[in-house]
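Reading through the structure tokens given below for one structure.
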Amino acid sequence: MIFILIGYMASGKSTIGRILAKKMDYEFIDLDDFIEKNEKMPVSDIFKTKGEIYFRKKESEYLKKLISEKRNIVLSLGGGAPCYNSNMQAILNTGEAVSVYLKASIATLVSRLKKEKVTRPLVSHIETDDGLAEFIAKHLFERGQFYNLAHEVVSTDGKTENQIVEELVTTLL
Ligand code: S3P
């Protein structure tokens, strides 16, 4: 099986994915890390030097390669991955893939993202908390149509990492 975690930036995909993979004895792959390793450059530098369109093209290529070749993995995606280049369709058409949307509220995302902005080119320029909340609200509204196509939706607000992982194991197995 391939368990794919999707959701907005800072929704906990990588942290939860790593714990879930360990618990299930699956390989863990973070798509952004995979891109950085293969492109030999941090995501923020890819955005800066090659542009977002190049990043989206590579993101889609690596995602489609991974889901067609790999088995028994937990794969966490960058927040934008489900929303470009028919990636969500590819996920839904992969028989052995189960996707989960880790859903967090705007307030939770703002409080986490304001501390982690530097590494995220899409929000690094936003200066105030109100500006960040407004950006996330609009962005999430657009992206929700893709995220909500996931096979499962798990709300993460007010839950510990272990509680979320337990819920995922119960939902997925
Ligand atoms: C992006 C999210 C990032 C990374 C890139 C673009 C997005 O990943 O892929 O900066 O479009 O939401 P995280 O969701 O892990 O922050």
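Here the Cβ of each residue, glycine as well, is placed from N, Cα and C on the backbone.
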According to TrEMBL, which candidate in Gly12, Gly79 joins Asp32, Arg56, Arg143 at the substrate site = Gly79
Please find, for Asp32, Arg56, Gly79, Arg143 as listed binding substrate, the greatest distance between any two Cα atoms, in Å.
-> 18
Min neighbour Cβ count (10 Å) across binding-site residues Ser11, Ser14 flags Ser14
Should any of the binding-site residues Asp32, Arg56, Gly79, Arg143 have a Cα within 10 Å of the Cα of Ser11 (ATP binding site), which are they?
-> Gly79
Given the binding-site residues Gly12, Ser14, Thr15, Arg120, which lie within 10 A of Arg56 (substrate binding site) by CA-CA distance?
-> none
Note down the number of other Cβ atoms within 10 Å of the Cβ of Arg56 (substrate binding site), including every protein chain shown.
-> 17
